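The block underneath contains the structure these notes are about, expressed in structure tokens.
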């Protein structure tokens, strides 16, 4: 017994997007029912019956082609329920199956005349024009029935292959050919529209043309050589993918599944429908009209006009507005074509496939966290409890604080102190990843150790801002939690912010202080013009250590830019321009004092340094003390 819902695994090496042949397009939409009937071609422009509200047969929502609109129920209602699975109703021809097949079953429209694919004709570059080695304007003249093109010059001496002729020119040549005194036996052949374009593309022998181009490239240079290389590259790609150039001219158009272009009933009884249905309807109407005109052998000028209108309808379906007038619906709003659905920021790829929401992630506004270490970020408690919930629940149960998941969730909702303590244990050593869109290089996403903070904003260390190109004027960042041990290890080893000091693009440091930090450092170390320098020994301005200066500043006994004498026995880089001290004095105990502009040294009898006082400002002491502390802690 087999289960039709079982998923089968298909292993493949790669996914390739290439041109589809007309046969392949028909394969997508064509199915043979168990009774031998072949279905798949959409021939009617109708969507649903306005009285029964059921899809019309052979229309754009046909249940025979695309599958039933209700689970396990045929169109006429003869078969209902799952027990009739797989049966094809002999009355309506609908297969009894799930309605979700309407999300992937396709149909097709067989065109009464070939039409050019607007992407390859009007794209940049125009592949049709490159392959035919003709100007795009000339190709457009042929496709849109403005000019004839010579497909075979025959015995006519003035005509050349691929030469363009206007209506009047061709009429003159026709008169010449069919004149009694004409000596032309092998008549020239001309064509117009996408049929002529298809003929030109079919006549191309890609391997021969490629060989000929290679020979020409060897003997040419400059712009001509670049043009030849461009054409050769396109031809080589066609050969490599086994695609034929004439496939750029469509004989069959695929109809996408109906559930991807739905029609829904609104409260007032009116219907809202996808724009694609209107565009498909235009194509089917014009195609059917053209087929009827061809059947009744209508005048060539009428048939040609209908072919041009069919070409424009297919252009609008594939890429509305790419050429000619944009097709508009109600309120003069341009209809969304297949290209509009796929491309752009709101398109299928960027919005729905690449822009999917993922579990264990969140986003919030960023604010500066100056007290954080570089590898840390502030994570709001409210966010952390949600992101790390499975880990918290697991630990609560393991520590016998609760017995089951339901009780754990209730406890978490109350945000008890116990829960916060467990959360702190969970996040300790568990890195999280921060991402700021747009992620233009690999440093746009980095790992940090989370620190629980109050409020609802993520705190970010100011030094990592250049890597993210972030500022604090309302920027938002996304948080992701790596779950597996391997992911956590990778995040810690490779992605931790403190391990990404250099830019991968230039090799230069990307962690550089800027803006507030530079301004703060400047303000801290700036000298106040005209500030009075104290004499050494002034009790209010002489201190025995850096800590004493900081304590005095905190007690507001001295200002940030006041000059102070402070004892400092470390190395000092002195830019004193004097060759000799301002004052040198030997004391009664044999020690010697040297007074310089910004320092005062005391040496013993052997010349060894006993003590050193330096003249500096409070701000510079604070800066120095902070740096020494940071280096010592590292």
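Glycine is no exception: its Cβ is also placed from the backbone N, Cα and C atoms.
Cβ-based neighbour count (10 Å, all protein chains) for residue 92 (Zn(2+) binding site) stands at 17. What Swiss-Prot lists as Zn(2+) binding site is 74, 76, 89, 92.
Feature annotation from Swiss-Prot assigns Mg(2+) binding site to 471, 473, 475. Annotation for residue 473 (Mg(2+) binding site): no spatial neighbours, criterion Cβ-Cβ under 8 Å with sequence separation of six or more.
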Separation of alpha carbons, residue 475 (Mg(2+) binding site) and residue 92 (Zn(2+) binding site) (Å): 58
471, 475 as binding-site residues, winner by CB count within 10 A: 475
Candidate with sparsest Cβ neighbourhood (10 Å radius) among 74, 76, 89, the listed binding-site residues: 76
Residues within 8 Å of the 74, 76, 89, 92 Cβ centre (excluding the Zn(2+) site residues themselves): 75, 77, 78, 79, 90, 91, 93, 94
Nearest of the binding-site residues (74, 76, 89) to residue 475 (Mg(2+) binding site) - Cα to Cα: 74
Cβ-centroid neighbourhood (8 Å) of the Mg(2+) site, 471, 473, 475 excluded: 366, 470, 472, 474
Residue pair residue 471 (Mg(2+) binding site), residue 74 (Zn(2+) binding site) - Cα distance, angstrom, rounded: 60
